Amino acid sequence: MTHPLLTLTDEVATALRDGTPVVALESTIISHGMPYPQNVAMATEVEGIIREHGAVPATIAVLGGRPRIGLSADDLELLASHGDVTKVSVRDLPLVLARGTHGATTVAATMRLAALAGIRVFVTGGLGGVHRGAQQTFDVSADLTELGRTNVAVVSAGVKSILDIGLTLETLETLGVPVLVVGSDEFPSFYSRSSGHAAPNRVETAAEVAAVMDAKWRLGLDGGLVVANPIPEADEIPADEIGGIIEQALADMDRLGIHGKDATPYLLGRIVEITGGASLTANIALVRHNARLGAAIAREFARPSR
Ligand code: PSU
Ligand code: MN
């Protein structure tokens, strides 16, 4: 039975009932991760890629206080262009529901709503993690907490070096979260295929990922999995090129005193500015790439033999 607080589109409800593969998508990436109108174009295109690859897309957000699983074209346009959409992590969910307002869900909040709907595969661009300087600021994304407890596999292009990648990987280990890197010995850093950190585990295929998901949850090991899909070589911005730009964006953020939930959106926007849009092009390319992999994982996981 569907959770009474969720509103599913007919397409998603039917797919879940019939065992058709479904892939969840987040909405913070739309409202707070990319500029308009590239954000709505990306969101629409990614839904199309997931359909072309044999799965049903379910973009998740809170609209007028209702958690929505699957959105219309008008809903995507609203999330992309409306000035008043809150960035909603797990702790913000009760507030947007109680107040009847709009919320764009982060990885953490999207995982939770996807799990409530019975969706096990989720595609995004980049994960939140342990911020640089977290030893002082304690700024650790709730995405990690959620990965430690909610049964959803999250496909991303790894972790941006606006974060401390090493500390993020250590925290994922502590939380019992498997980290699977597809087709590479190195953990990827979003814009770049390399990060200087070894892949905790390497896999080659969507079927391998689905088998690990199945084994984890059949053992009763609650929590998520990180599936890191390196950006294609043709689209990457080499680590030495983006490194200095990220340093500059971090310095600008400190100078402006920006912190907390505003930190990640500010940094993403500033990096787009400094790179003259090149980081946005890379970001869109990696999300497309992740959508293809996510649909394949959802198809493998939905096989009747599981
Ligand atoms: N990284 C990106 N793009 C994004 C985000 C992260 O490359 O849009 C968003 C995701 O929604 C992620 C959130 O869950 O930022 C993390 O925010 P915070 O660090 O405040 O938890
Ligand atoms: Mn934070």
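A Cβ is built for glycine as well, from the same backbone N, Cα and C atoms used for every other residue.
Among Val56, Val62, Val107, Val177, the residue that TrEMBL places alongside Lys87, Ser141, Ala142, Asp143 at the substrate binding site is Val107. Selection of the recorded positions Glu26, Lys87, Val107, Asp139, Ser141, Asp143 by a Cβ distance under 6 Å from ligand 1 yields, in sequence order, Glu26, Val107, Ser141, Asp143. The Cα atom of Val107 (substrate binding site) lies nearest to that of Glu26, taking the recorded positions Glu26, Asp139, Lys160 as the candidates.
If you measure from the Cα atom of Lys87 (substrate binding site) to that of Glu26 (active site, proton donor), you get 11 Å. The residues near the substrate site, meaning same-chain residues not in Lys87, Val107, Ser141, Ala142, Asp143 whose C-beta sits within 8 angstroms of the mean position of the site's C-beta atoms, are Thr28, Ser89, Val90, Thr106, Ala108, Ala109, Leu127, Gly128, Glu146, in sequence order. Separation of the C-alpha atoms of Glu26 (active site, proton donor) and Lys160 (active site, nucleophile): 17 Å, rounded to the nearest whole number. Checking the recorded positions Lys87, Asp139, Ser141, Lys160 against ligand 2, the ones with a C-beta less than 6 Å from an atom of that molecule are Asp139, Ser141.
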